[in-house]
Every structure is written in C-alpha cells, then in structure tokens.
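Peer 1: Pasting the feature list from TrEMBL:
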TRANSMEM  12-35  transmembrane segment
TRANSMEM  67-88  transmembrane segment
TRANSMEM  100-123  transmembrane segment
TRANSMEM  143-168  transmembrane segment
TRANSMEM  196-218  transmembrane segment
TRANSMEM  238-260  transmembrane segment
TRANSMEM  267-295  transmembrane segment
Amino acid sequence: MDILLQQVINGLVLGSVYALVALGYTMVYGIINLINFAHGEVLMVGALTSWSVIGLMQEALPWAPGWLVLLLSMLIACVVSAALNFVIEKVAYRPLRNAPKLATLITAIGVSLLLQTLAMIVWKPNVKVYPTLLPSEPYAIGGAVITPTQLLILALTAVSLAVLMWLVHATKLGRAMRATAENPRVAALMGVKPDLVISATFVIGAVLAAIAGVMYAANYGTAQHTMGFLPGLKAFTAAVFGGIGNLGGAVLGGILLGLIESIGSGYIGTLTGGVLGSNYADIFAFVVLIVILTLRPSGLLGERVADRA
C-alpha cells in the first residue's frame, strides 16, 4: 500500500469535514465579527440527531435501503441543527450584539458547555455506535483505498460548497449578506433587514455543520456528546489558517489542515524515532494555529485590515 497516497486521501476527507465547519465560523465572523465557539456542538447535535433517527427508522422501516436512511436522517439533523442555531443566535447572541467582545466570547463558551450538558442528559454519556449504512468494501486507487462513505463525504462537501458559493454570489440573500458584512447600518438604510440576514447566516452554518457531523460520525463509526469539541476547535484553526471571514480561505484552511494532520499522523512515529505515535496527530493542528497567529494572524487569504469599531 502507498502510505503517502493513503494519508493524502484520508487528509482530503478529514479536511472536507473541517472545511464545512470552518465555513460556519467564517460566515458568522464575516457578518457580525463573532467567534461562535458553540459551533462544534452544533456538529455534535447533528450527528446524535442522525443517530437517533436512524435507530427509529431501522425499527419502523427495516426494508429501507441504507443510503435512504442516511439521507433522511441527515435532512432531519440539518433541520434540528438549523433550528437550534437560530434559537442560539436570537437568545444568546443578539442581546449582546453591541456588548464588549469578551462578553460574547464568554457567552459562546457557556453555550458550548450548556449544549454538551444537555446532550449528555438527552443521549446519555456513553459512546454511541453509529451504524454502517453504506457498503464497506473499499475502492482501490493506485496503491491506496477509499471507502464509499469517504467518497460520499467528498461529494457532499463539493456540492455543499457549490451551493453555498451560488447562494452568496448569485442570490438576493447573498447580496444582503455581503452588504450586511460590509456595513450593517448602510445595508439597513437600503432595505436590508440585518437581523434576518444574521439569523439566515447562523442557519446556513448550522446546516453545513450538521452535514459535517453526520459524515464525521459515519466515517469514524461513533457519536457522543463531547464529539464536537475537537473538530470544532480544529475547524476554527482552519478558518484562522485560511483567513477568517474569507469563504475561500475557510475551505483552503480546512483542506490543508486535514492534509497536514493526516500526513503528520502517518509519519510522526518515523520523525520522532517511535517516541510519539499516531494518537498524537492532534498536535499538528495546534502547532499550525500557534504558527499562523504568530507569523500571519490574518491567515493565508485574509486581508490585513484594522479592527472594526
């Protein structure tokens, strides 16, 4: 087996998940200059909702094909996550829109912990086995393999990105989002409703996070109430890496971070003489975050601009 090629494939799959979640971070930041640290928990809620729906469907519709069960569970997860993020924005963030940034940051962390606790109560703290709904036989690519689930992750990411780019650049909502990001006061004078646009941004970000959560759980085969923390933190790293506030930067940062983490995990043992194993792969994401914040805080595609008032 070609180890490097296999790690590249794994990195692209992992990076696709990071990219979807990073888009939620960067969209919200671009609109209202807020880092929503509860975004990873939206991924978690999407994954656990999907797990619950799959269990119900397998009991009620045992004849349903796996791909249909997965698709329907994903759609319901998107609806639940979108509703959750809509409520979070309206209840937790909107009243603090003009408050100091530290207040919103503390609130975001509080919402994250609250969602983890509520999920633990609803779904219990034990690790859930996410069922295998797609064929497990992998396809050979050169000297590596890729599973149907991984192919679906790549395909869904590509479709989601295409739809998002169309939405942002070719629709009335997208123009309203860009206008609000540029200057919400002027946008309001031009007939744009900033509150509606901001809510829509949170909803779109939640849908992307739910898709990422379902596919993340399907790929790794588990789901639990703490599963959103690390992917959420790494997706934030990806957003900063690419240039937070820049959609293309979020995608680039997610893919690059996935590749760095995956390739690094494959060779960390060799690089350290066997001292560190692949279970230390998380270190790469945080090394990237430290380096980027030190050398180029604006990210790869971010602009060096003054902080907004």
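Every residue gets a Cβ built from N, Cα and C, even glycine.
Note that this is a predicted model, so its numbers are computed, not measured.
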Peer 1: Give the one range among 12-35, 100-123, 143-168, 196-218, 238-260 whose Cβ atoms make the most pairs under 8 Å with those of the transmembrane segment (67-88).
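Peer 2: Per the Cβ count, the answer is 196-218.
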Peer 1: Select the range from 12-35, 100-123, 238-260 that forms the most Cβ-Cβ pairs under 8 Å with the transmembrane segment (196-218).
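Peer 2: Per the Cβ under 8 Å count, 12-35.
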